[in-house]
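Take a look at the structure set out below.
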């Protein structure tokens, strides 16, 4: 894709999300979603092949259905209350419809089927945008209507998402699918806390976006899309191999790393709200995710797979792929835990 066209399309995607973030009027929010959706499709089809075409079509159909449901909810709310304001109390039918529409846009279970398929069909850079930037707009609307959401509906979707996000990734060898299931599980954690403490959801989203961006950038740097390709990095780029190891463990939510902060905070907040079974269940299902991250870690950094060359290290060529902001992203994705007291004060 030519740079001027890419700049125009990317600015439309960004302005679509910004309109959703800043508007307090349902119609403008809906327009922002539409702008964002129509502009992101050429990005998904950047490397034009039948797989990308199929993925973009699936994405379009799913998002268009979600937009239609969202509009239906908005109209029912308009007929009921006579106004377009987002922060106004919602009618229960409208609220349910909107929650389902936004869950479809996010890829929450049981509307998750498109996420792994679409992510697998597109390039790594498009996948990165799909699993990070595209989550911001729907979550911002959920944040604004969090006081009117039906808790049983959202919590059942959250539990199902965490379960499917852990289960689905267990037998995957494709990195993009693994990250897609990881995204479904993280969205589940965010939905679980949304009703009780919406600010915590934003903290979780921020840390999730930093970790996913870093992971995708490292995979793009290696041009790796499968576990097999990743298993040969030890004799090309040993430093990157160890970085992937720490990032995977951070995504899994292991204690000294940043990924542990949102899980810790969410479990603490749910326990404060006198819920015991839900946080216990979330913590147990997080082990499923940890298993497939550990498997990737094992294949990448903890074993020496037979390589085609006899030398210990390959000749180092200067990488042509410049990953800007990767070092600070990696630092923030792994070393934020000392800031937890400050974050808990902000909550």
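Counting starts with 1 at the first residue shown.
Glycine too: its Cβ is placed from the backbone N, Cα and C atoms.
Positions annotated as transmembrane segment by TrEMBL: 5-21 (among others).
Residues or ranges marked as domain 'NADH:quinone oxidoreductase/Mrp antiporter transmembrane' in TrEMBL: 23-287.
Beyond the ends of the transmembrane segment (57-76), by six or more residues, the same chain brings 26-27, 30, 33-34, 37, 40-41, 44, 84, 91, 93-98, 100-102, 104-105, 111, 114, 117-118, 121, 130 to within a C-beta distance below 8 angstroms of the stretch. Taken from TrEMBL, the feature transmembrane segment covers 57-76 (among others).
What TrEMBL records for 96-115 (among others) is transmembrane segment.
The transmembrane segment annotation in TrEMBL covers 152-171 (among others).
Here TrEMBL flags 178-196 (among others) as transmembrane segment.
As annotated by TrEMBL, transmembrane segment applies to 202-219 (among others).
As annotated by TrEMBL, transmembrane segment applies to 239-261 (among others). Beyond its flanks by at least six residues, the transmembrane segment (239-261) meets 182, 203, 207, 210-212, 214-215, 218, 221-222, 230, 233, 286, 289-290, 293-294, 296-297, 300-302, 330, 332-337, 340, 343 of its own chain at Cβ-Cβ distances under 8 Å.
Annotated transmembrane segment per TrEMBL: 281-305 (among others), in sequence order.
Annotation comment: TrEMBL describes 290-343 as domain 'NADH dehydrogenase subunit 2 C-terminal'.
The annotation transmembrane segment is assigned in TrEMBL to 325-346 (among others).
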- Query: Counting only pairs at least 6 apart in sequence, do the transmembrane segment (178-196) and the transmembrane segment (5-21) share 3+ Cβ pairs under 8 Å?
  - Reply: no
- Query: Under a Cβ pair cut-off of under 8 Å, which of the recorded stretches 96-115, 152-171, 202-219, 281-305 contacts the transmembrane segment (325-346) most often?
  - Reply: 202-219
- Mean pLDDT, the domain 'NADH dehydrogenase subunit 2 C-terminal' (290-343)? 82
